[in-house]
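Features reported for this protein in Swiss-Prot:
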| type | residues | note |
| --- | --- | --- |
| BINDING | Cys258, Cys325, Cys332, Cys335 | Zn(2+) binding site |
| COMPBIAS | 7-28 | compositional bias 'Basic residues' |
| COMPBIAS | 29-45 | compositional bias 'Low complexity' |
| COMPBIAS | 1362-1374 | compositional bias 'Low complexity' |
| REGION | 1-47 | region 'Disordered' |
| REGION | 1343-1374 | region 'Disordered' |
Amino acid sequence: MTSTSPKSRKPSTKTTKSKSKSKSKSKAAKAAAASASPALARTPPQFRNRVVDKKALKQLVAWAYKTHGTAVTASMADNLKDLGFRYATQAAVSISVEDLKVPEAKQDLLCQAEAQITATEECYRLGEITEVERHTKVIDTWTETNERLVDAVKKNFNQNDPLNSVWMMANSGARGNMSQVRQLVGMRGLMANPQGEIIDLPIRTNFREGLTVTEYVISSYGARKGLVDTALRTADSGYLTRRLVDVAQDVIVREDDCGTTRGIIVKVEDGGFGSRLVGRLTADQVVNVDGEILAERNTEIDPPLSKRFEKAAITEVMVRSPLTCEANRSVCRKCYGWALAHNELADLGEAVGIIAAQSIGEPGTQLTMRTFHTGGVSTAETGVVRSTVAGTVEFGPKARVRGYRTPHGLEAQQSEVDFTLTVKPSGKGRAQRIDITTGSLLFVSDGQEIEADVTVVQIASVAVKKSVEKATKDVICDLAGQVRYEQVIQPREVKDRQGNITLKAQRLGRLWVLAGDVYNLPPNAEPVVQGNVKVERGQVLAEASQASEFGGEVRLRDSIGDSREVQIVTTSMTMKDFKLLGESTHSGELWHLEAKEGTRYRLNTIPGSKIGNGEVVAELADDRFRTQTGGLVRFAPGLAIKKARSAKNGFEVNKGGTLLWIPQETHEINKDISLLMIEDGQWIEAGTEVVKDIFSQTAGIVTVTQKNDILREIIVRSGSFHLCAETKALERFRGDGQIVNPGETIAKGINSEAMVFVQTEDTPEGTGLLLRPVEEYTIPNEAHLPELTHVKQPKGPHLGIKATQRLAFKDGELIKSVEGVELLKTQLILETFDTTPQMTVDVEAVRDKRAKTIERLRLVILESILVRRDTISDSSHGSTHTELQIEDGQSVKASDVVATTQILCKQEGIAQLPVPQEGDPVRRLIVERDEDTITVTTKGSPLVGVGQRLVDGDSLAKDEPSSCCGEVEEVEGKAITLRLGRPYMVSPDSVLHVRDGDLVQRGDGLALLVFERQKTGDIVQGLPRIEELLEARRPRESAVLCKKPGTVEIKQGEDDESITVTVIEADDAIGEYPILLGRNVMVSNGQQVHAGELLTDGPINPHELLDCFFEDLRGRKPLMDAAQEAIAKLQHRLVTEVQNVYKSQGVSIDDKHIEVIVRQMTSKVRIEDAGDTTLLPGELIELRQVEDTNQAMAITGGAPSEFTPVLLGITKASLNTDSFISAASFQETTRVLTEAAIEGKSDWLRGLKENVIIGRLIPAGTGFSGFQEELRAEAGPHPDILAEDPAGYRRMQNLRPDYTVDMPAAPAASSTAVLADPSAADLEATRSRHGIDPAASNFAAFVRPTGENELEEEQLPDPSALEGLQQEGLLTEE
């Protein structure tokens, strides 16, 4: 497979070899290569008989690439592909249903799981575990069964049918994976519901056997969730990538070596370094135990060297890292190490920031695809250790353990320190030693005798720390009865911010519900039986009565269906001098009220409807106040209105008077001006066509309003027009005009006979006065109120009618209209003088008592009482029986009883009343029936007492276990009476919904269990977790961190609840940390703690952690060192956390990518005190910049600035970048640009983004300016031939900077050279002379600059370069 033709065995066709080797080195290499190649060609091909799966294929391709370069690898991969397809075709590999073979072990595994789950349910029934623990155990049981089934599937295929198509496909990694094959031939497994909670009913079948209907529905849940998640996560992942690119886009390799002596320490993990050292440079000598130097400083570590370190048992290596690189605003080649694309030092100008961002962001999309193939939960990543010998357990003197309850409800112990546990055999043999790590769970105790193959310990995994979230689960009652607390629970009342009181359990314990028949009592029902009294079936237990609130006349509606409504008329009012008349129109019924004198009121409601306070009952139908057209309103002195205007009804008249009306006709047109048929200011007669199809109704002067050639309005003002030359008169009436009384002189020869409104008008005939008629309307002081008859109960609500006059318009208002308007409305308004806002009044039509033909309007207020109907026994209310105590038409007084309801007993038993709570009436009562108790007669003497609670299996007498759960009610001789019950376990901090002694119905909530669940270790949580880390989010309830190192002392508060952890520091200072309830303390008395160590469990706040590190170091070190060290500690932590999330998903990302991002997040500090520098307090500045400023201050003797390091999330870091163009293109564009403008910022265009936006060459790769400068410096000064050349050799712009040539000073008249098309041979010669790789496309690969500025002679440009080019035919003379 690996034999290739001798021709393709050139040592390497790699394009980018470093020139930084010295001359002697390169000559030696050439010699070696020359000697190696003939031998290489003669090596016979080696054949290896081995299965090549995905992993082996990866290694093969990597080896080929490394030893033979790209071209050979590509052709080899092609040959392999052809080989594979050819044999697959010949073997006819395809998949049929027959290939899906279900392992025989499946049935046994399912039976075992069922048995385990039955046992778990039994534990829950006996109150040994909580609902949450039951759920967790069920889910873990199924998950474990699933895993074992996968193993069975693998084993089945491997042993019985290794060439099965499905197995080959999944096993080779060609397509699909085991989790999918498992669903085809194992079981589909657990599914999650749309809320993301796992349904504890798994899908036991697989797709080969077929799903039941229920399973199919559940399966679709999971599948849908997978699809939706994928869609959402793709978007999330893309956004994460965008933010990462934004924060790191200006990180470019700009220097060869920054010269730093700092580095980071990489420690051995799982017995080796793996690939974590490969591609890095050592920051210090690496010396083995014997003092032999294995690697000097700045040595590139390749895989063989890494292996050598491992062999020499080296535990940690200090390597250079982007985190500690001191290059300004970039990283240097030595700190960055290899560019992983071609496993060599990164080139200058390589945009490593963007590569890092894409490397971290890209797996996000992949990871999301793995959401639900695995069916929800990942198994616990913990190692269980079983005993290998039978014997005695010894913990040893170092051990420190504390009690712990596992998620499955098992009692265990958790180790607080690392120690070694020994199992000493009872007979002969070697003792078993087990290393216990902190946090491991021990299922045995010190000195315990155990058998072989017993679970001893569950070792805590140091894998990814999954983030936890608080979740709740309800405990629902399965039977009706009375609640009893166990003493252990110790409920306490907790007040929240709103002042609501909740009851919480403090300790783990049980709530009991003792069986009985519970009756819910209706409101205002009172028990009529005493406690502990025997009651018979059908006996009245409680009675409720319903009374009238106000009293009045009773109306009984005919019992329509089950509605039992009793109405009582409490207040009524009849309008006795109005007849009620109704008429039918096509738009519905119209009702009128007619008075004796003939005035009519329009009714605004209809009989049978309801109206509320302040609503209009009727309106006077009166045409006296109706105008012919629109016009202008003027109030004569004396007429007064209320200021406020109600939206619909206009202004209420306070005092009557005269209203003056000046009519004017307004046509609103909104048509083109060309349709106008008259002129502005023209006098027209009534009936004139003013615009096509629109006629004037009155005679008068026309005013035309137009805008942008659109005709808006035409106003016709009627009256008589008089030309006038008297200036004084014209001025007097110009503008708003004036009202002139009869007999007054208006101007010379113009007198008013009636009241007129005079205005000065300019018309085509000339200026004059327009005398407009004024109409007068007299408004009375008060409206007429009809006579009413009242009937009212003493306590009942009041009813009244108020007559009001309302004006539609205020003084000076102009009404634009052609039709007339109603100026005054007289309305009858309902008034109820009652406190209840929701009270409504019924409108009724009644016959007059004397004249039966006449109908009158009556308004009534009804009190409606709903009477309960009889129910035959229902489960919670018992049987009820209701009796009415009144008849139709009867008159009742306030608080008279209308109906009584009795609650009847369903089964005989002993009635009991609950203990009433303060202020709470009795809402329920319980009858303890014969079937709720059981009497057991024991053989021996009883071992139990009255009041004791027992569960199945507890001893009643010697060797006589109880067969049920309950409370002992009495013991007489050997007869024990038990009241049946059911225990429910509640965990600490659960919210209790019931109090001791309360009565509950089946289905009531007893408690709300609060628990922490791990956010599933699925990347569904992985992406948000990475986002949380990179955005440096502050967790809601973070862990308490130790601020200064010292010794721990734990103090209990007086109330036995609050805990305070005190840390006695080195200088005997005491740090106090109060611990909130419900928090687990992670330290023990006398333990030594460091700064930043966790005192309680919970997520860590990274900002707080940085402060802890910095504050601690600041006391012992100079400011700069403290900041650098604190940042380094945090950086290490962040890199590890991000790596853990990806590793848990099996995604490998090189550390350096994460380091580049983390470096950007931690590069800034906040100035606290500026000292004598020009910095501002609160400003965010690069650490390097502050360092330089403070060094300058040290030289000049000024006060340096004080600062604290800050951690910025990626979004914040992007917005705080030096380049405002880049920040503005990311988010909050306006804010960023305005701030930059106000501060007068400059953008130095250092990054890629800002250059792309402005349209310049990006400073990476070939556009990297530093690169060009360096080459120019090597080549010596050259004039730019293109800059001074007007003829323009544009094609020479494609040449690289190291391609510039010396121009000899030519005489003025001399001819200039012009580029000719070179022949292939010429090009070859030129390329070889300038060191250009022929494999690269047109001059695309260029020589890498050297490190030590050593150049081989043949690389230097020839002083007579121009002549050389001419001789080669590249330049011709014209």
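Every residue gets a Cβ built from N, Cα and C, even glycine.
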Using a 10 Å radius around its CB, how many other CB atoms surround Cys258 (Zn(2+) binding site)? 19
DSSP output for Cys332 (Zn(2+) binding site) maps to strand
Among all chains shown, work out which of the binding-site residues Cys325, Cys332, Cys335 has the most CB atoms within 10 A of its CB. Cys335
The correct three-state DSSP answer for Cys325 (Zn(2+) binding site) is coil
For Cys258 (Zn(2+) binding site), what is the secondary structure state per DSSP, taken as helix, strand or coil? coil
